[in-house]
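For reference, the structure is listed below as structure tokens.
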Amino acid sequence: MEKYEKLEKVGEGTYGKVYKAQDRATGQLVALKKTRLEMDEEGIPPTALREISILRLLSQSLYVVRLLSVEQATKNGKPVLYLVFEFLDTDLKKFVDAYRKGPNPRPLPTNVIKSFLYQLCKGVAHCHGHGVLHRDLKPQNLLVDKEKGILKIADLGLGRAFTVPMKSYTHEIVTLWYRAPEVLLGSTHYSTGVDIWSVGCIFAEMVRRQALFPGDSELQQLLHIFRLLGTPTEEQWPGVTDLRDWHEFPQWKPQILERQVPSLEPEGVDLLSKMLQYNPANRISAKAAMEHPYFDSLDKSQF
């Protein structure tokens with residue numbers, strides 16, 4: 001690891017510490033992710049090798065953070081694995097916060113919301129096309145290149161070898177705000193719809209500059225969702241009452257979605273409602289979302 005000079009710790013990712021570092025030879029800035037992977041005498045576990053090869057494959061998309069290399073080092077006599085990613089200076093949470101807070105609060109420009117949402121759908125479609133779910137999409141792991149106006153998905157693909165924990169090991173609670181109702185209700189058989197739900201929540205948050213469903217526990221999270229969208233029924237979502245954590249919830253009627261996103265044009269509200277369908281099978285796919293009329297005014301040739 002002499003190849004890289006660590007400049008500063010920039011965060012604790014879901015999977016370990018993240019450092020901003022510089023390649024001593026080229027001066028290129030990189031993000032070093034130190035993984036907490038238990039390596040044995042045999043070296044890197046096969047599950048991790050598989051995940052890394054998936055990451056390599058996925059990072060060929062412009063809208064997924066690029067994995068540059070994998071480095072092995074030794075710390076206290078134990079092997080440590082570092083993943084080396086391209087470095088981006090900010091994330092979508094910080095980007096939205098800059099519009100919400102500070103001396104000059106203002107909405108995000110419509111063209112920026114459209115562009116970022118389109119890029120997010122494109123990145124998610126790329127992952128789903130390779131059979132990979134992200135399962136933890138949130139503004140904090142969407143990295144933004146402000147100069148170029150590019151949004152990239154990070155913290156991806158380490159789903160099985162490095163299971164996404166409920167608590168990150170810094171004991172911060174992993175946020176539930178973007179989690180799909182089937183996951184909150186204990187479904188173990190989930191599919192691409194879990195990511196689309198998260199994309200819908202992120203879309204609404206760019207428009208509102210605050211979270212759509214800010215729950216602080218799994219139950220509170222469900223109640224936030226049910227109060228806005230109505231308590232789901234078997235007609236709407238066959239099998240919902242058989243899910244592990246289903247209870248007799250209070251019966252709420254659906255509210256008008258437009259009121260939560262008053263500045264959003266009708267096509268945008270339509271797309272949002274297609275992402276926030278209760279039945280995962282009825283949620284729009286990332287690929288179909290890219291063809292939605294909401295994006296008709298966007299110059300797609302740039303992507």
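Numbering starts at 1 and runs along the chain as it is shown here.
Heads up, the Cβ atoms here are built off N, Cα and C, so glycines get one too.
Model, not experiment: these values are computed from the prediction.
Features as listed in Swiss-Prot:
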type	residues	note
DOMAIN	4-295	domain 'Protein kinase'
BINDING	Val10, Gly11, Glu12, Gly13, Thr14, Tyr15, Gly16, Lys17, Val18, Lys33	ATP binding site
MOD_RES	Thr14	phosphothreonine
MOD_RES	Tyr15	phosphotyrosine
ACT_SITE	Asp136	active site, proton acceptor
MOD_RES	Thr170	phosphothreonine
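Within the group of recorded positions (Glu12, Asp136), the Cβ with the highest number of other Cβ atoms inside 10 Å belongs to Asp136.
For the pair formed by Glu12 (ATP binding site) and Asp136 (active site, proton acceptor), distance between Cα atoms is given as 15 Å, rounded to the nearest Å. Rounded to a whole value, the Cα-Cα separation of the residue listed as 'active site, proton acceptor' and Gly16 (ATP binding site) is 15 Å.
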